[in-house]
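Chemist: Please find one structure pasted underneath; my questions will follow.
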Amino acid sequence: MTGTAAQAPPNMGSLKYYQVSVFMCGWVSYASTYCLRKPLGVIKADLHKFMNLTTTQLGWLDTALLFPYAVMQMVLGPLGDKYGARKTFGVCIILSALSMISFGYFSNFVIWFILLFLNGTAQSQCWPNVTKGVLGWFSDSVRNSMFGMFGTCAFAGGIIGTMIAVYIQASYGWRQVYFYPSVGMIFLGFLTLVFFKQPDEVGIQVPGKAQCDNNFVTAVMKPELSLTLMFISSYFCSMIPEVSVAVFCLKVVRYCMYMWLPMYLLQALNYSTTMSGIFSTVFEIGGVTGSREYYKGQTLRGIAFFVLLSTVGLVLFMLTSSWGVFFNSVFMFMAGFFNAGPDILL
């Protein structure tokens, strides 16, 4: 062998240790990223009331966070291949925290926009690299079930992020909602750099993993071919256009709930500030439960059925929104439950 050590057959004790430690590290670290996403939805009413931001300006703040999050996943995607999932994920967590730690100390819309843009850019590489890192430790035969279990971190993170933001908002004011989570995320970023090891870094070959075609990987890594493969060739792969449209629609629903549900509950349904923030987590609570459910052997059929039921839940929520907390909770839980599985599996 030249350049790297040969990967040895795994010691099952070592393999199990890394599977558990990497899964837990990835789950906690990625869940923490929502502590720097969800506060924006929680403090929107405060920004509108105390800083006189218009609804349009609030929408632009959403765009500042979500546009780079979407676009930079494609533009910066090669970073994970070049530097590895562990380094890319850990550094991006730290950069995300550094971008938002001073958010509350400014009162300027443009500065807020820039900070959120930097946050979205840093977080764009978290999901691709954490999933790459975690799934690299498990065989292909359990990929869907492990992905379903791991995907609960996104919805649990949303719940935790909202609860923390609501508590800080009520106790210390809206200007502190990003500071304390940012401090914690810097710590988690360094833990990720230490513990989020990959099989090739520790010389372990995971049983049941299909080996990549080295010629294809080499072609992908050629600078002159990377953009063509990513933006043209990949688009014409089977199911890519359909899956792209489906994911887009699911994300629209999910992020509308994240960014605007607390303000809607406060202004349209007359919830209190604290109650509107807490109740908005019902969608994520449904998501934590639903993200583990899928149809074994019938994934596409299960996804289509789940999306239909999520739509029904949202329609019923709108039709019964004035009926009170109980009906609001039931149908919002239903929408989240049936949104999560398709979102993760697609």
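Backbone N, Cα and C atoms are what each Cβ position is placed from, and that goes for glycine too.
The domain 'Major facilitator superfamily (MFS) profile' annotation in TrEMBL covers 14-346. Summarising the annotation, TrEMBL assigns transmembrane segment to 17-37, 58-76, 88-118, 147-172, 178-196, 227-248, 300-319.
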Chemist: For the domain 'Major facilitator superfamily (MFS) profile' (14-346), report the average pLDDT of the model, please.
Modeler: 87
Chemist: Other than its close neighbours in sequence, what residues sit by the transmembrane segment (88-118), given a CB gap under 8 Å and a spacing of at least six beyond its ends?
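Modeler: Here the qualifying positions are 26, 29, 32-33, 36, 40, 51, 53, 57, 60-61, 64-65, 67-68, 79-80, 124-126, 129-130, 133, 174-179, 181-183, 185-186, 188-190, 192-193, 196.
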Chemist: Between the stretches 17-37, 178-196, 300-319, which wins on the count of C-beta pairs under 8 angstroms to the transmembrane segment (147-172)?
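Modeler: The stretch with the most close Cβ contacts to the transmembrane segment (147-172) is 17-37.
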